[in-house]
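Engineer: Below are the features listed in TrEMBL for this protein:
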type: BINDING; residues: A:THR74, A:ASP95, A:ASN123, A:ALA124; note: S-adenosyl-L-methionine binding site
Amino acid sequence: MSDKKQDTTHFGYQEVPVDEKVKRVADVFHSVAGKYDLMNDLMSGGIHRLWKRLTIEQSGARAGMQVLDIAGGTGDLTRKFSRLVGPSGKVVLADINDSMLKVGRDKLINAGAAGNIEYVQANAECLPFADNTFDIITIAFGLRNVTDKDAALRSMQRVLKPGGKLMVLEFSKTDNPLLTKAYDFYSFNILPQMGKLIADDAESYRYLAESIRMHPDQETLKQMMNDAGFVGCRYQNMTGGVVALHTGIKP
Amino acid sequence: MDQKLLDILVCPVSKAPVELNRETNELICRTSGLAYPIRDDIPVMLESEARTLTAEERLPEKK
């Protein structure tokens, strides 16, 4: 595991040096930060809101809890958690990308969410929080962009309280061949065009489609969570497996 | 900076608690010898963005 890793990793379908992936992913998100919410709505036809709502509903968040929203980007989940945990609780919005964090903070302040939200720029692979800190950790559409996913899962396990819950919401693998065909066409033909038209950035959205295909499938991710020390790991497909919600508990 | 946030922050390298240096507006870890900047009120807890403390800075605070 700690052997001098292969020096390259995938960036979408390309092989790039490990250090470069971090930089390239950062560039993608610096580039899309300003239009991130608009693009999410357009690309998913608004369904991403439903996926996020289902995640919140299954989180079991309640007053007084400590929640960590990793790769929280523009703060969709953070805003909902902020309301649920109330003034006695806390939500930490963490992202490795300062552009995304700032867009998120502005948006949350405009929405009147404040008081129990903190912002931290952090790398999911080595989280800067004390052991056993959080009741719930979410990472929505973020794990895909992390270079060393196993290290990230172990780091999340460390900072969760015993009994705490990890929720990974991420694009996954569709199981219906017809849906897969339509989805592939959409992802590789329509999506980059939309990215070009709206954000003038076809490359970033091509990376998005490719990175989704390179991400571990449902069973593989579940096994990775087991290996990182979570118990009761399970997943639930949404929209035919376009997206899956994995959950696991720290024993 | 919020005290409750400071209470749960640790150095991502050493996992030791960090202390706030108000003069330099940094979060300091004497164990790893790194100082993390606070930019726009957001602590930047990335090793790649941290400054290495001088030998003198690493000494425990004098009274």
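Quick reminder: no glycine exception, Cβ is built from N, Cα and C everywhere.
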Engineer: Quick one: of A:THR74, A:ASP95, A:ASN123, A:ALA124, which binding-site residues have a CB closer than 8 A to some CB in chain B?
Structural biologist: A:ASN123
Engineer: Going by DSSP, is A:ALA124 (S-adenosyl-L-methionine binding site) part of a helix, a strand, or coil?
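Structural biologist: Its secondary structure by DSSP: helix.
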Engineer: Using a 10 Å cut-off, grab the number of neighbouring Cβ atoms around the Cβ of A:ASP95 (S-adenosyl-L-methionine binding site), all chains included.
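Structural biologist: The answer is 28 other Cβ atoms.
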Engineer: Would you mind pulling the DSSP three-state label for A:THR74 (S-adenosyl-L-methionine binding site)?
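Structural biologist: Reduced to three states, the DSSP call for A:THR74 (S-adenosyl-L-methionine binding site) is coil.
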Engineer: According to DSSP, does A:ASP95 (S-adenosyl-L-methionine binding site) sit in a helix, a strand, or coil?
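Structural biologist: Note: A:ASP95 (S-adenosyl-L-methionine binding site) is in a strand by DSSP.
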Engineer: For A:ASN123 (S-adenosyl-L-methionine binding site), which residues in the same chain are close in space, meaning a Cβ under 8 Å from its Cβ, but six or more apart along the sequence?
Structural biologist: A:ILE96
Engineer: Non-local Cβ contacts of A:THR74 (S-adenosyl-L-methionine binding site) (under 8 Å, 6 or more apart, same chain)?
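Structural biologist: When sequence neighbours closer than 6 are ignored, A:THR74 (S-adenosyl-L-methionine binding site) has A:ALA33, A:TYR36, A:ASP37, A:MET100, A:VAL103, A:GLY104, A:LYS107 within Cβ distance under 8 Å.
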Engineer: With every protein chain in view, how many other Cβ atoms are within 10 Å of the Cβ of A:ALA124 (S-adenosyl-L-methionine binding site)?
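Structural biologist: Taking all protein chains shown, A:ALA124 (S-adenosyl-L-methionine binding site) has 24 Cβ neighbours within 10 Å.
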